[in-house]
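**Q** Provided herewith is a single structure, encoded as structure tokens, for subsequent inquiry.
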Amino acid sequence: MSAAEHYLSDFRQGFYNFAMRGRHLDAYSAYKRVASKDHINAFDREESSGLVNAKGIGNPSWRRSLPHMLVATLSSFLFGYHLGVVNETLDSISMDLGFSGNPLAKGLVVSTCLGAAFFGSIFSGWILDGVGHRRAFQLCALPMIIGASMSATTKSLWGMLLGRIFVGTGMGIGPPVAAIYVSEISPAFVRGTFGSFTQIATCLGLMGSLFIGLPAKDIVGWWRVCFWVSTVPAAVLAVCMEFCAESPQWLFKRGRGTEAEAEFEKLLGAAHVKFAIAELSKSDRGDELEAVKFSELFYGRHFKMVFIGSTIFALQQLSGINAVFYFSSTVFKSFGVPSDLANICVGIANLSGSVVAMILMDKLGRKVLLLGSFSGMAVAMGLQVIGASSYASGSGALSLSVGGMLLFVLMFSLGAGPVPSLLLSEILPGRIRAKAMSVCMAVHWVINFFVGLLFLPLLEQIGPIVLYTIFATFCLLAVIFVKRNVVETKGKSLQEIEIALIPPQ
């Protein structure tokens, strides 16, 4: 048996324990090592009550944590905005800055941002553990303000590239910090719903950059306005974080229990503070204050969660979703559909699916949405394969190709888009959560980069039929992987999940 299979086997064994224990039993005494797949499936079907917690009082009001969550999702809005801000403005930028005939320079304007995001994501875990969530958000906003201002005022390509590096650094820090913060401040019964807001905010950011960039082709210098606009939500994020709650889990890990209680009262209400602190104490293994070594993420009892999280992110990108986002306008243009209309259609499909996912996340659960999403993406890629083949022509090819692409985006936004970051923030133990999330996000950025880099060359060399078939195959592999290795977490507190997954040493 390989090391990876051994760890995944232990992962399933640990969750048997979570499935069988009663809500009022002590979690540690309930731990048993049983490797029955039937029991794992039984856990996946378990319905959490979502009505009364273990202390016999009702759920805390979600309204208390809502404002804090909404402020945090500004980082996701900025992430989406800066991903799309150069789509409509790149031609204008290249003309004004004197590199309109240089495709390499145009590519650098896009790729430098992605490269900087990779490095930002790597260091996000250490930043978060070191200064906390509120300061991490502010450190995410600061380079975005600096970079956007530099891009808006630059007179040269090098000034633009330097600005994009600053912006990309902030983009890399934001997503893992937002996912962890939202999961740690949200009541368990709405954590999936709140977690979905980050995906919705990203969609709104993308669509916002599209609409704001539309006049760039007609108004000279409008692209500078597009960059200036982004400084406003970044400044709002930095200022409002001064008034938001710090993560109680982060404070508790650092021995600041009194402050953690105060933040719990702000987020959940006074009646829930003692129970929340008791839950944190259950998962306290006495090693919270010890520095997490990078090597701990790749061996021992933590490896299985890091492996599962990284694999889900890898399969998400290998499904071809960002190739669709980056090059959808090219496909639409080949059928005579204007790029503006294409981007709007893709944006609406993405936003619609994200809203539906938000509604269903705490009803159907994470695993069901992932399975349905990747399955639907495989079907959608199949439609595009048929549309690109000789079996379809004319209007039939148009319908299958365009319809398949929009269906692909819709199915992605139902699960494969919002679930991975939420699921990781739930299954990763508190002690390693920030650093492990940064590693998994780094995997995401690396594969994102190579998919974007190789998509067009592969499309020319092997053709759309073979390439789309490869993407569909990865979607089906994702279905198998999720079915075998992902377990349901809806309605469970982060402490319950951690105790079940990580056996005491």
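Glycine too: its Cβ is placed from the backbone N, Cα and C atoms.
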**Q** Which range is it, out of 104-128, 229-253, that shows up in TrEMBL as transmembrane segment?
**A** 104-128
**Q** State, in range form, which of 104-128, 194-216, 305-329, 341-361, 436-459 has the highest count of Cβ pairs under 8 Å to the transmembrane segment (368-392).
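**A** Highest pair count goes to 305-329.
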**Q** By a Cβ-Cβ criterion of under 8 Å, what residues six or more beyond either terminus of the transmembrane segment (158-182) are in contact with it?
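**A** Same-chain contacts beyond the flanks: 69, 72-73, 75-76, 78-79, 82-83, 93, 97, 108-109, 112-125, 127-128, 133, 136-137, 139-144, 146-152, 191, 194-195, 197-198, 227, 234, 247, 421-422, 424-425, 433-434, 437-438, 441, 445.
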**Q** Applying the under-8 angstroms CB criterion, which one of 65-84, 104-128, 194-216, 341-361, 436-459 scores highest with the transmembrane segment (398-424)?
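**A** Comparing 65-84, 104-128, 194-216, 341-361, 436-459 against the transmembrane segment (398-424), the winner is 341-361.
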**Q** Which stretch, 65-84, 194-216, 305-329, 436-459, 465-482, tops the Cβ pairs under 8 Å count with the transmembrane segment (341-361)?
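**A** Highest pair count goes to 194-216.
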**Q** List, by number or range, the same-chain residues at least 6 past the transmembrane segment (465-482) whose CB is under 8 A from its CB atoms?
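**A** Those are 311-312, 315-316, 318-320, 323, 367, 370-371, 374-375, 377-378, 381-382, 384-385, 388-389, 416, 455, 458-459, in sequence order.
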**Q** What average pLDDT does the predicted model assign to the domain 'Major facilitator superfamily (MFS) profile' (68-490)?
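**A** That stretch averages a pLDDT of 87.
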